[in-house]
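Database features (TrEMBL):
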TRANSMEM  21-48  transmembrane segment
DOMAIN    23-508  domain 'Major facilitator superfamily (MFS) profile'
TRANSMEM  68-87  transmembrane segment
TRANSMEM  99-118  transmembrane segment
TRANSMEM  162-189  transmembrane segment
TRANSMEM  212-231  transmembrane segment
TRANSMEM  350-367  transmembrane segment
TRANSMEM  373-392  transmembrane segment
TRANSMEM  404-423  transmembrane segment
TRANSMEM  443-464  transmembrane segment
TRANSMEM  485-504  transmembrane segment
REGION    512-538  region 'Disordered'
Amino acid sequence: MANDLQVLNALDVAKTQLYHFTAIVIAGMGFFTDAYDLFCISMVTKLLGRIYYHHDNALKPGSLPPNVSAAVNGVAFCGTLAGQLFFGWLGDKMGRKKVYGMTLMIMVICSIASGLSFGHTPKSVMTTLCFFRFWLGFGIGGDYPLSATIMSEYANKKTRGAFIAAVFAMQGFGILAGGMVAIIVSAAFKGAFPAPAYEVDALASTVSQADFVWRIILMFGAIPAGLTYYWRMKMPETARYTALVAKNLKQAANDMSKVLQVEIEAEPEKVAAISEAGGANEFGLFSKEFLRRHGLHLLGTASTWFLLDIAFYSQNLFQKDIFSAIGWIPPAQTMNALEEVYKIARAQTLIALCSTVPGYWFTVAFIDRIGRFAIQLMGFFFMTVFMFALALPYHHWTLKDHRIGFVVMYSLTFFFANFGPNATTFVVPAEIFPARLRSTCHGISAAAGKAGAMVGAFGFLYAAQPTDPKKTDAGYPPGIGVRNSLIVLGCVNFLGMMFTFLVPESNGKSLEEMSRENEGEEETVAEMRATSGRTVPV
């Protein structure tokens, strides 16, 4: 019955028009901000170490202790995981639109508050920074299930994958924007307040004005989020939520008539039928019926996202080696504080420009042509190949003559992550679950991903330390080394490829067909006809 409603059929067959692109921009700006806020911290952690953890007569500039570094970089991931679960559930209970504005306001307030982290001692500044970045992550987490669900429920069958992927692809522009803002701000302060290198004058190498730099970079994330708030509040609730969850077909028809600029019948005769028949299909998330229909699907979407993010967020293991090897980032003691921010931002921006952003948009271009399954399987396959190709002859790649090849392999790993599972793991959970559980299931899948991100970013930061205790970074215990870490990551990617077989292909199918939204309703309608002797429209 669900896929016989005129309002849903109109959405499925609608031609691509202005409202589609408006929805992409409105939802995409949230992801632009998400990526900016999550990734900009990596550009200022070295600066935070120089400012707040300077030690007189040390040979190298101050750096964040391992536990502080893990907290500053990882607390937003913890908030994101919590936000994905909470707002995913709330989006199904209250509606997508009502919750959508909440997440954005949390992001605006906490972006500003992060930059205003108060106190003079390292402990007070880091504590308040971590507090506000946790709640910033909480707002960001809500954006994942809501943006994906809203875009999937607005889109037509033919280009739905590209539209959802385009929203996610705005992450690439957010990462680019973070790098560009850091470059501009650090270059401006570097020109206005010249300073010697650390090895020339350790104390003077970090000017007092450098404290404004990291604050400005963090607070800038509030601007795109704030600009989007008005437009988010003007978006109508999605027709699928209004019709299938709120059971208000008249409102759904009115909303979509305005959006699609076509006349859609309210179909009042179907209101009673969908209300009476719907009870047979109202199973919950923890029911046996959900387990039977979608248990393996949820395992597939959650496990592949978890495994993908372990590999994706562990890439920074050898990022510093690459940047140093090709001369993009000289030794820290040969630069002043602002120069180091500038060069780190420049290097990360170049990587994003050359591999991250193109990978996202390759997915947008091909996802509705070759399907989600093929792209995800291909991405995991090539990530496995390139991880092992980096790991097995690791010594070969560390030699000076082969460093360019190392950079190319590294970039290709990133490219196939984005033209692969990094995009498809976001798209598929928004398509294959019932409307009343869609946001919740996407939130669970995304939260599994963030758990993987924490394992990748911090577990492997410790694992990749050299086996020789004398060669480890300050404060870290011995690990298994970069080569062995890369071999483990290759195995993780191979597992991701295997778990992909649990995820169904949703290309070209309606959301109701994929989620089996009306399975059980048709039997109920037949029973109603037989017992009541009246006609029940389907």
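Placed from the backbone N, Cα and C atoms, the Cβ positions cover glycine too.
Caution: TrEMBL annotation is automatic and unverified by curators.
Since this is a predicted model, take the numbers as computed values, not measurements.
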Worksheet item: Same-chain Cβ contacts of the transmembrane segment (21-48) under 8 Å, 6 or more residues past its ends?
Response: 61, 63-64, 69, 72-73, 76-77, 80, 103-104, 107, 111, 126, 133, 136-137, 140, 143-144, 147, 150-151, 154, 163, 166-175, 177-179, 181-182, 210, 213-214, 217-218, 220-221, 224-225, 227-228, 231-232, 235, 316, 332, 337-338, 340-341, 344-345, 348
Worksheet entry | Recorded stretches the transmembrane segment (350-367) and the transmembrane segment (404-423) touching, at least 3 CB pairs under 8 Å | yes
Worksheet, complete the sentence: Highest Cβ pair tally under 8 Å against the transmembrane segment (99-118), stretches 162-189, 212-231, 404-423, 485-504, lands on 212-231
Worksheet item: Hey, would you say the transmembrane segment (373-392) packs against the transmembrane segment (485-504), going by three or more CB pairs under 8 A that are 6+ residues apart?
Response: yes
Practice prompt. Return the stretch with the most CB pairs under 8 A relative to the transmembrane segment (443-464), choosing among 68-87, 212-231, 485-504.
Written response: 68-87
